[in-house]
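J.: Shown below is the structure under consideration.
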Amino acid sequence: MTVVSAVARHRHLKHLYLREAYACADGGEVILDWLNPESAPKLTSRVISTAPSPTADIATVSDALVEPASDTPVESASEVAETAHIPVQVDVDASEPFTDAVVAPAETGSSGSAQRPSGVVLILPGLTGDSSRNYIQGLAQTAQEYGYTAVVLNYRGCAGSLKTPKTYCAADTTDIANVVQHIRAKYPEVPVLAIGISLGGVLITNYIADCGKKSTETGLIGAMVVSAPWNIVLASEVLEQPVNWYLFNRILARDLCKNVNRNAEILRPVFDITQLDNVKTIRDFDDKYTAKMFGYTDVNAYYASATLHTKVGHIKTPVLALNAADDVFSPYEGIPKKEASENPNLCIVVTSHGGHIGFLEGWNAFGKNYVERLFAQFATTMFDNYKQLRDQKSEEPAGAAEELPASVILLQ
């Protein structure tokens, strides 16, 4: 399913992303691609423009629009790791600085502001992924179909050039925390739900666990995690087996090195690029680059910091995790089943088959898959339940002794 879903499921957005360049406090930049059911259908130009202010409404300022190319074939089955990459097509060179081009604002209501969404879905891609990947497009369009605004967080350097000599890793959740805060500032009354795929699942779970450990708010009503490796050390060992190395590991390692080399000019002052010349595995890359970039003594220290199976007890925000028993990226033996059974905030669903980000259903590989179907059920349940809790809490008399929980999962 990993292979078939990658080479067969060519997804193309029905509407355009609204691109926002979010400036981080350290001078870095992450790209946020918005798919808003209220505004996207009304915007047809494909330009790159000045990024909106973090405090401005995305639908009423100059936004950058990107559209996945409709005629770009997948190269071959050997390119399937993290699923096929469909390049983003724009009318100007995406490597150039944002221009001052302006696009027409979205249609607004009588108050002059864009209609507030009923819910925002934050989507986090896999290891080398971005908003153009077919599995990300499928989730964004599913959110759109149900009336929610989707926003894809493209990690540093994955949708444009780096602004500072810092990339991303599975243990660094600083950018996620800032983006969640940014979304909440933009829509303070709108519930936010997250879904992370593979590495994205590791990141969002680490973020939630870190907030739980510190007893701080996540800003999320819940999260869904798909194909996340729970035990990163074990996953690394399985991926280095000969067949898995040939099909997946070497491809991802090569793509990771390409991302570094593409940003060599800004990274070279702090990192010796030549150290990556002989990298053959993800573990090699993490040992020679990621661990050093983020201040770990070695790859073992980095993996110990990033792995999830030791942090289940800190998860205090509702999380629905989907894994497949035949996923080489997340070995069944590494899934913390006992620990999860002791935490009412975590539900791990394990299917017999599904591969890595595959989960195909029926004979039509081009149709919706189990991930999108389960995500739609989870999202609507969480958002609908949020409204019920909010309305019920607002009707409570002042000084009510019992507080309502922040969110409740309804199982049907």
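Glycine is treated like the rest: Cβ placed from N, Cα and C.
Given the structure is predicted, the values throughout are model-derived calculations rather than measurements.
The active site, charge relay system annotation in TrEMBL covers SER198, ASP327, HIS356. Per TrEMBL, the feature domain 'Serine aminopeptidase S33' maps to 116-334.
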J.: ASP327 (active site, charge relay system) has how many other Cβ neighbours within 10 Å of its own Cβ?
T.: 27
J.: Give me the Cα-Cα distance between ASP327 (active site, charge relay system) and HIS356 (active site, charge relay system), rounded to a whole Å.
T.: 5
J.: Report, in whole Å, the straight Cα-to-Cα distance of SER198 (active site, charge relay system) from HIS356 (active site, charge relay system).
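T.: If we compare the Cα positions of HIS356 (active site, charge relay system) and SER198 (active site, charge relay system), the gap is 8 Å.
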J.: Would you count the other CB atoms within 10 A of the CB of SER198 (active site, charge relay system), including those on all shown protein chains?
T.: 27
J.: Any idea what the model's mean pLDDT is for the domain 'Serine aminopeptidase S33' (116-334)?
T.: 94
